[in-house]
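J.: Quick one: the structure is below, and I'll ask about it shortly.
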Amino acid sequence: MEGFVLAGTSSGVGKTVATLATLTALEDAGYQPQPAKAGPDFIDPSHHEALVDTPSRTLDPWLAGEDGMRRTYWRGTGDICVVEGVMGLYDGTKTSTAAVAEGLDLPVVLVVDAKAGMESVAATALGFAQYADRIGVDIEVAGILAQRAHGGRHADGIRDALPEDLTYFGRIPPMSDLEIPDRHLGLHMGSEAGLDRDALSTAAETIDIERLVETARAPPEVATTERNTGDSPADRRVAVAQDSAFCFIYPSVLERLRSEASVEPFSPVAGDSVPDADAIYLPGGYPELHGESLETGGTLDEIAVRAADGVPVYGECGGLMALSESLTTTDGDTYEMAGVLPADIEMQDRYQALDHVELEARADTVAATSGAHRRGHEFHYSAATLGSDASFAFDMVRGDGIDGEHDGLTEYSTIGTYCHCHGESGAFDRLLAVPSKDI
């Protein structure tokens, strides 16, 4: 599958809208696009999936490793892959959009805010193209997609100012319908506030989609890793919370779980009973927006009983919050949670951690064997007040974790981390492979 990267000059330049317009242009032209996102984000991919009904691939060399990132890419489907970048093209060094483009050998199309410039837009693009050589990054900046650019003289001025080796791939017109509302943690999820399809189709008309398709190329393939235990998926069942409170799930995680087990979704917000399963996974999301439903629905109480019975439970970020004793919102409302892990969670007005992280296991748990390392990402607005009997699974090699030095609160065969892990990280292998009595 061939593809290209839509990279921005900075955060806030309009990469997500440009990506959605490009995906729309591909569909309108008869292609089946595969969306992807550079970096660890959950929210932008939700907009990709809401638009084209295809899960967006998470491409991050820190989370998955170089080979894991390539495997993640090649598990995609469709005619052509559109990779939305993260922040500005070169921001983030080892985890930058440039690092993803280099690791996959994909051409880069630069999204430049052209609202108040013409020749300066070309100068910006030229500088970004030449900067790759300056820092020794092997990427091709193929051209630009002009964001917030009018037609006529404005578009012509940008096109004419570009050097011959930088292609003008079109523009995204300034339109009030192409704005996505945001909140803490970023934009609203795609299922909540997707852009109007007609507005995207209008924007897509000013993109030279065939020229973009001609620019795309395929990354080098990599051998797949066969990790099945030999048991059929039907032999094991994993209950996975999936609703508006638990919506931060990398597709690679579900793929990893499905490779070894039958995945049984359930909704704690709706008060669903927990499916009969060998393990339970609570991903991140927005439990703070659903405190009353989680407190009264009964699902968390049922999870607490399963945890006390020794069923392995793995919670990430929002999952950690749900497994705690209580959750207090920024409005001061406090809700009882599952009460499995000895912590009280309180939401803060600003983020408490944002970074790629690395953890080293202190002991055997459902997430790792002793001494193993796990890489992931943390981004949260909550803080934990710990009980005196708090026990941790991981020491922090990089990042903040729960208390600045540790992550992974444990009790029974349950673990709750602020760290989000990719399906290629190895974090879910032990959850699937080891019976609870052996942990």
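Each Cβ is built from the backbone N, Cα and C atoms, and glycine gets one as well.
Sharing the features that Swiss-Prot gives for it:
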- 214-235: region 'Disordered' (REGION)
- 237-428: domain 'GATase cobBQ-type' (DOMAIN)
- CYS317: active site, nucleophile (ACT_SITE)
- HIS420: site 'Increases nucleophilicity of active site Cys' (SITE)
J.: Which of the three DSSP states, helix, strand or coil, fits CYS317 (active site, nucleophile)?
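T.: DSSP assigns CYS317 (active site, nucleophile) to coil.
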J.: Please classify the secondary structure at HIS420 (site 'Increases nucleophilicity of active site Cys') using three-state DSSP.
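T.: DSSP assigns HIS420 (site 'Increases nucleophilicity of active site Cys') to strand.
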J.: If you measure HIS420 (site 'Increases nucleophilicity of active site Cys') to the residue listed as 'active site, nucleophile' at Cα, how many Å is it?
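T.: HIS420 (site 'Increases nucleophilicity of active site Cys') and the residue listed as 'active site, nucleophile' have their Cα atoms 7 Å apart.
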J.: Using a Cβ-Cβ cut-off under 8 angstroms and a sequence gap of six or more, which residues of the chain neighbour the residue listed as 'active site, nucleophile'?
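T.: Counting only residues 6 or more apart in sequence, the Cβ neighbours of the residue listed as 'active site, nucleophile' under 8 Å are PHE248, PRO283, GLY284, GLY285, GLU378, PHE379, HIS380, THR417, TYR418, CYS419, HIS420.
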J.: If I take every residue in the domain 'GATase cobBQ-type' (237-428) and average their pLDDT values, what number comes out?
T.: 97
